[in-house]
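Below you'll find the structure, written out as structure tokens, and then a few comments.
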Amino acid sequence: MRFKCFGSEETEQSSKIDKSIETDRRKLRKDVKLLLLGPGESGKSTIFKQMKIIQEDGGYSVEELLEYRAFVYSNCISQMEALLTASAKLNIELEVENKQRAANVLRRTIGNEPWLLLAADIKHLWEDKGIKETYAQKDKHFQLNDSAAYFFDNIDRYMREDFVPNEQDVLRCRVRTTGIQESEFTFDKIRLKIVDVGGQRSQRRKWIHCFDCVTAVIFVAAMSDYDQVLREDESVNRTRESLALFKEIVNCDYFKETPIVLFLNKKDLFKEKLKRVPLQSCFSDYTGPNKYKDAAMFIQSQYLAQGPSPRTIYTHATCAVDTENIKFVFRAVRQTILSQALEHF
């Protein structure tokens, strides 16, 4: 004998709920909102730009690339200005024939000084022994963008009248994020809405408005920043600041049920810096060898210790300017966040 547990009305209501859940599941498979968080200069905005490249039918049009030409010029000029200012503070002499070139760069006003003349001066200055000596002391005595050498090394290409920036130029261009960037991309048949918020302290109060309906949080931390200080507060170590910020995010009530993905970024720079700057100089409790694998595991453990136990935090070592690396990582992230998010339906 069969018993009816529900009347027709209850059965119909149950069916509607099941359909609603299935609709939500399908929508989740197609619509994913990712929140990119992290301190300033961690590489968040570079990853945001990578999404335009790795998405289906992605990449930058010639028109879009040309929009970055002025940013390329500006990055070259501002970074040489930083080197010249630092060389003066460090009492490092430039070669006699380059002193006028240095004056040209320092007194320039954007739009008034022809780019080709400034570029020629920058090219000669980058070959100056004094500038090379100054460059070797970056991070320790002054701040310089990670891609400064890349731009100087490519100055001949930038001096061509038919110069069109390539995707590496775009990825390496430093354009400070001062607000909220939001864009939609399609990656592996999933529609991603990615929100990138400025990481400087003054920008973080804006984050709260982005917390609704977030599928996952991607926190970007620069591993190579362990010996550097904040631009906005030179008394604060960048990695210490990043750890404190991650602790705040991972323990936030808004994200109790939200997957947290940690990108330990700039792994390439971290590997190179370890050859020059021991991790022990900034983390006295680190007792392992000054090798990439051991040091990276220590940095990872510092971040994982900020979260409540036994919460799972998905970690990936990344290089934001390496398109293939970011594509590989996002495929892993896609599977992880969808699997976990669907468990809650």
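Glycine is treated like the rest: Cβ placed from N, Cα and C.
According to its DSSP assignment, Val197 (GTP binding site) is in a strand. When Cβ atoms from all protein chains are considered, those within 10 Å of Val197 (GTP binding site) total 22, not counting its own. Here Swiss-Prot flags 38-45, 171-177, 196-200, 265-268, Ala320 as GTP binding site.
When Cβ atoms from all protein chains are considered, those within 10 Å of Ser45 (Mg(2+) binding site) total 25, not counting its own. Per Swiss-Prot, the feature Mg(2+) binding site maps to Ser45, Thr177.
What Swiss-Prot lists as domain 'G-alpha' is 30-345.
Packing against the region 'G1 motif' (33-46) from elsewhere in the chain are residues 146, 171-172, 175-177, 181, 192-201, 203, 207, 210-211, 213-222, 225, 230-232, 238, 241-242, 245, 249, 263, 265-266, 318, 320-321, 337: each is 6 or more residues past its ends and has a CB under 8 Å from a CB in it. What Swiss-Prot records for 33-46 is region 'G1 motif', and it gives sequence analysis as the kind of evidence.
Residue counts for the region 'G2 motif' (169-177) under DSSP, helix first, then strand, then coil, are 4 helix, 0 strand, 5 coil. Residues annotated as region 'G2 motif' in Swiss-Prot: 169-177.
Per Swiss-Prot, region 'G3 motif' is recorded for 192-201, and the stated evidence type is sequence analysis.
Feature annotation from Swiss-Prot assigns region 'G4 motif' to 261-268. Here the region 'G4 motif' (261-268) has Cβ contacts under 8 Å with residues 38, 42-43, 47, 146, 216-225, 246, 292, 296, 299-300, 303-304, 313-320, 322, 329, 333, 336-337 of the same chain, all six or more residues outside its ends.
Within its own chain, the region 'G5 motif' (318-323) has Cβ neighbours under 8 Å at 43, 46-47, 50, 53-54, 147, 167-168, 171-172, 220, 263-268, 329, counting only residues six or more beyond its boundaries. Residues or ranges marked as region 'G5 motif' in Swiss-Prot (evidence: sequence analysis): 318-323.
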Worksheet item: Cα distance, Ser45 (Mg(2+) binding site) to Leu171 (GTP binding site), nearest Å?
Response: 9
Worksheet, complete the sentence: Other same-chain positions with a Cβ less than 8 Å from the region 'G2 motif' (169-177) and lying at least 6 residues past its termini are 40, 44-46, 49-50, 53, 60, 65, 68, 71-72, 75, 145-147, 150-151, 154, 196-200, 203, 320-321, 323
Worksheet item: For Ser42 (GTP binding site), what is the secondary structure state per DSSP, taken as helix, strand or coil?
Response: coil
Fill in: Cβ neighbour count within 10 Å of Leu171 (GTP binding site)
23
Practice prompt. Would you count the other C-beta atoms found within 10 angstroms of the C-beta of Gly38 (GTP binding site) for me?
Written response: 26
Worksheet item: Which residue counts does DSSP give the region 'G4 motif' (261-268) for helix, strand and coil?
Response: 2 helix, 5 strand, 1 coil
Response to the item:
Cβ density check for Val175 (GTP binding site), other Cβ within 10 Å (all protein chains) comes to 12
